[in-house]
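S.K.: Please see the structure below; I have some questions.
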There are 2 protein chains.
Amino acid sequence: MEFELKILGSSSATPSPDRHHTAQVLTIGNQINLIDCGENTQMQLMRYKVKHQRISNIFISHLHGDHFFGLFGLLSTMHLQQRTQPLNLFGPAGLDEILTTQFRYSHTQLSFKLTYHELDTTVHAQVFEDKAITVHTLPMQHRIDCCGFLFREKPKLRHLIKDKLPGFLTPAQLVRLKAGEDILDETGNLLVANADVTSEPNRSRSYAYCSDTRYKEDILPYIKQVDLLYHEATFLDELKEQAAYTMHSTALQAATLARKAEVKRLLIGHFSVRYRDLTPLLLEAKSVFDNTQLATEGKTISILE
Amino acid sequence: MEFELKILGSSSATPSPDRHHTAQVLTIGNQINLIDCGENTQMQLMRYKVKHQRISNIFISHLHGDHFFGLFGLLSTMHLQQRTQPLNLFGPAGLDEILTTQFRYSHTQLSFKLTYHELDTTVHAQVFEDKAITVHTLPMQHRIDCCGFLFREKPKLRHLIKDKLPGFLTPAQLVRLKAGEDILDETGNLLVANADVTSEPNRSRSYAYCSDTRYKEDILPYIKQVDLLYHEATFLDELKEQAAYTMHSTALQAATLARKAEVKRLLIGHFSVRYRDLTPLLLEAKSVFDNTQLATEGKTISILE
C-alpha cells in the first residue's frame with residue numbers, strides 16, 4: 001500500500017518568488033490527506049497533479065496565514081466543481097468562524113458536506129481513525145495555538161505461510177490466524193500454533209509533522225522511531241535567539257530532535273526567505289542527523305512497507 | 001505623468017493552471033492602486049516587479065473569492081515587512097468583518113494604519129479623491145453586491161505660452177492664468193485675457209473597471225468616452241444564457257457596451273476555464289469593437305497624456 005508524502009511548499013511566512021507557503025500531501029493507500037494549506041495550494045496541487053477532489057481530510061496546524069490562506073480558494077474550487085464527497089477539516093478554534101463568515105458574505109452553500117473537527121492543540125490525542133490509520137495531534141509551542149500531526153498505520157495482519165497451513169482450516173480460522181490467534185479444538189486444546197503457520201506482519205508506517213514550533217523535547221515519546229519526521233527549520237542555529245523569540249526552530253534543533261527520537265528520516269522546511277541557498281541549513285542538520293533532506297517543492301518521499 | 005494599467009490575472013473563478021485570478025495594478029503618477037486581489041496576487045506582484053509597499057489604495061469589487069482571497073496574504077506580508085505607510089481599503093459590506101475575524105485568531109495587530117471604506121455598491125458615487133484623481137463606484141449587477149470603479153484624472157492646469165506672457169505678471173497671477181482665469185487690473189478691467197496667453201491643458205485620462213456583471217447599459221453615462229474600459233467577458237455569446245444565469249457577460253456584450261459608450265480602447269478578461277485558446281473571445285469582441293485587447297497576465301497598457 002502506498003505511503004507517500006509530497007511537499008507543495010517550503011517557505012516560511014514572508015513569501016519568496018520561487019517558494020510556496022506550507023502545504024503537504026500525504027497519500028496512504030487511496031486516502032489523500034492535505035496537511036496545511038498555504039496560499040496558492042490549489043495551484044500547487046494542479047502543478048503536481050494531485051486531484052483535489054480525492055482529498056478526504058485536511059489538517060490545519062494553526063491560524064497563521066502561511067498555513068491556511070489557501071483553504072478558502074481550495075474549498076471554493078471544490079464547490080465550483082460540484083464536489084459531492086464529504087470532507088473532513090481539522091483545525092484549531094476559530095477556523096470554523098473564519099470560514100462561516102466568508103461563506104455568509106459570498107452567499108456560498110457548499111455542494112458537499114464539510115465536517116469541521118475543532119482541535120485541542122495542547123494535548124496528544126487521537127483525532128481521526130479509519131480502517132488503516134490513526135491521526136493524533138502533537139502539541140507544538142508557537143505564538144498562537146498550534147499542533148502537529150502524527151499519522152500512523154494501524155497494526156497489520158500476520159502473513160499466512162501457505163506451505164505450512166493444514167488443509168482443514170476454515171476461512172474463519174484463517175482470519176483468526178492472521179489476527180495473531182492460535183487455533184484450538186473443541187475441547188480447548190491447541191490445534192494449530194499461530195507461530196508455526198504465520199510470519200510477522202508488515203510493519204506499520206508513521207509520519208510526524210511538526211510545524212511551527214520552538215524546540216520542544218516533550219513530544220519525543222510521541223514521535224519515537226517514526227519512519228519520517230518533518231520538522232520546521234526556519235533558521236540556522238546562529239539565529240537561535242531569533243528562533244526562540246519568534247517561537248521557531250533552527251536546523252540544528254530539528255536534527256537534534258530527530259536524533260533523540262531515533263527517527264528513520266528527517267525532512268526540514270519552512271525556511272526563512274533570507275536563505276536563498278538552502279545548503280547551509282541542510283549541512284547544519286546533517287551534522288547532527290545524517291539522514292536529512294530538504295522539504296522543497298515537489299519533493300516526494302515514499303515509505304516502503 | 002504615468003497612467004498605466006498592468007494585468008495580474010485573467011481567470012474567472014475556476015482556476016486554470018496558467019492563469020491567475022483577477023487583480024490589476026493602476027499606476028497614476030506615483031500612486032499605485034490595486035484593483036481586486038485574487039489568490040496569489042502577492043506572488044504576481046513580485047513576478048511583475050510591483051513593490052507592494054508602494055500600493056496606497058486597494059479596491060475590492062465584491063466578495064467572491066476569486067476577487068479577494070489574495071488580500072489576507074498581501075496584508076500579512078505588508079505587516080511582516082513592517083509597512084508603516086497607511087493603506088486605504090475599499091470594499092463592500094462584510095470585508096471588514098472577514099478581516100477582523102482573521103486578525104483576531106492570528107493575534108495580528110497590523111504594523112500600519114488600514115482605513116476601511118465600506119462601499120455602497122448600488123450607486124455611482126465618489127469614494128476617493130486626491131490632488132490628481134477621483135474614483136467613483138460603478139454599480140454592477142452580479143449574484144452578490146458588486147461594483148466597478150471609475151478612475152479619472154482631475155481637470156489639469158492650462159499651459160502658459162511663454163512667448164506671449166507679459167513680463168509684469170506676478171507668480172500669483174500666473175497661477176490664476178493656469179487655472180483658467182483672466183487677469184484684471186485694480187479697477188476690474190481686463191488686463192490679460194486668458195485665451196491670449198494660455199493653451200488647452202492636457203486632457204484628463206480615465207479608466208473604467210467593470211467586473212463581475214451581467215450586461216448593464218445603465219452605466220453608459222458614467223463610462224462615456226473613457227480612455228480605457230475593462231469589462232469582464234467570461235463567455236462567448238453562444239453561452240449568453242449561461243452568462244445571464246450566472247450574471248456574467250459575453251465578449252459580444254462587453255464590446256457592445258464599449259461601442260455604445262464610445263470608449264477609446266477595450267480590454268476583456270475574467271475568462272472561463274473552458275477557453276484554452278482565447279482567440280475566439282477576442283475575435284467576437286473585435287467584430288463589434290475593433291480596438292479590443294485581451295487582459296492577460298503581464299499585459300501593460302499606458303495611456304499617454
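Note that Cβ sites are derived from N, Cα and C of the backbone, with glycine treated the same way.
In TrEMBL, annotation is done automatically, which means it is predicted and not curated.
TrEMBL lists these features:
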- B:HIS62, B:HIS64, B:HIS142, B:ASP212: Zn(2+) 1 binding site (BINDING)
- B:ASP66: active site, proton acceptor (ACT_SITE)
- B:ASP66, B:HIS67, B:ASP212, B:HIS270: Zn(2+) 2 binding site (BINDING)
S.K.: Would you mind reading off the Cα separation of B:HIS64 (Zn(2+) 1 binding site) from B:HIS270 (Zn(2+) 2 binding site), to the nearest angstrom?
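M.R.: B:HIS64 (Zn(2+) 1 binding site) and B:HIS270 (Zn(2+) 2 binding site) have their Cα atoms 13 Å apart.
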S.K.: At a CB cut-off of under 8 A, do any of the binding-site residues B:HIS64, B:HIS142, B:HIS270 come close to chain A? List them or say none.
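M.R.: Of B:HIS64, B:HIS142, B:HIS270, the entries that lie near chain A are B:HIS64.
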S.K.: Test of understanding: give the count of other CB atoms lying within 10 angstroms of the CB of B:HIS62 (Zn(2+) 1 binding site).
M.R.: 27
S.K.: Any idea which of the binding-site residues B:HIS64, B:HIS142 has the thinnest Cβ neighbourhood at 10 Å?
M.R.: B:HIS142
S.K.: For B:ASP212 (Zn(2+) 1 binding site) and B:ASP66 (active site, proton acceptor), what Cα-Cα distance in Å is obtained after rounding to a whole number?
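M.R.: That comes out at 11 Å between the alpha carbons.
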S.K.: I'm trying to understand the geometry here, so how far is the Cα atom of B:HIS67 (Zn(2+) 2 binding site) from the Cα atom of B:HIS142 (Zn(2+) 1 binding site), in Å to the nearest whole number?
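M.R.: Here the two Cα atoms are 13 Å apart.
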S.K.: From the centroid of the CB atoms of B:ASP66, B:HIS67, B:ASP212, B:HIS270, the recorded Zn(2+) 2 site, which same-chain residues not already listed sit within 8 A by their CB, in sequence order?
M.R.: B:SER12, B:ALA13, B:HIS21, B:THR22, B:ASP36, B:GLY38, B:SER61, B:HIS62, B:HIS64, B:SER211, B:GLU232
S.K.: For B:ASP66 (active site, proton acceptor) and B:HIS142 (Zn(2+) 1 binding site), determine the Cα separation and express it in whole Å.
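M.R.: B:ASP66 (active site, proton acceptor) and B:HIS142 (Zn(2+) 1 binding site) have their Cα atoms 14 Å apart.
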S.K.: Under a criterion of Cβ-Cβ distance under 8 Å and sequence separation of at least 6, what residues of the same chain contact B:HIS270 (Zn(2+) 2 binding site)?
M.R.: B:SER10, B:SER11, B:SER12, B:THR22, B:SER211, B:ASP212, B:GLU232, B:ALA233, B:THR234, B:HIS248
S.K.: DSSP secondary structure for B:HIS67 (Zn(2+) 2 binding site), reduced to helix/strand/coil, please.
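M.R.: Looking at the DSSP assignment, B:HIS67 (Zn(2+) 2 binding site) belongs to a helix.
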S.K.: Have a look around B:ASP212 (Zn(2+) 1 binding site) and count the other CB atoms within 10 A of its CB, chains all included.
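M.R.: The Cβ of B:ASP212 (Zn(2+) 1 binding site) has 27 Cβ neighbours within 10 Å.
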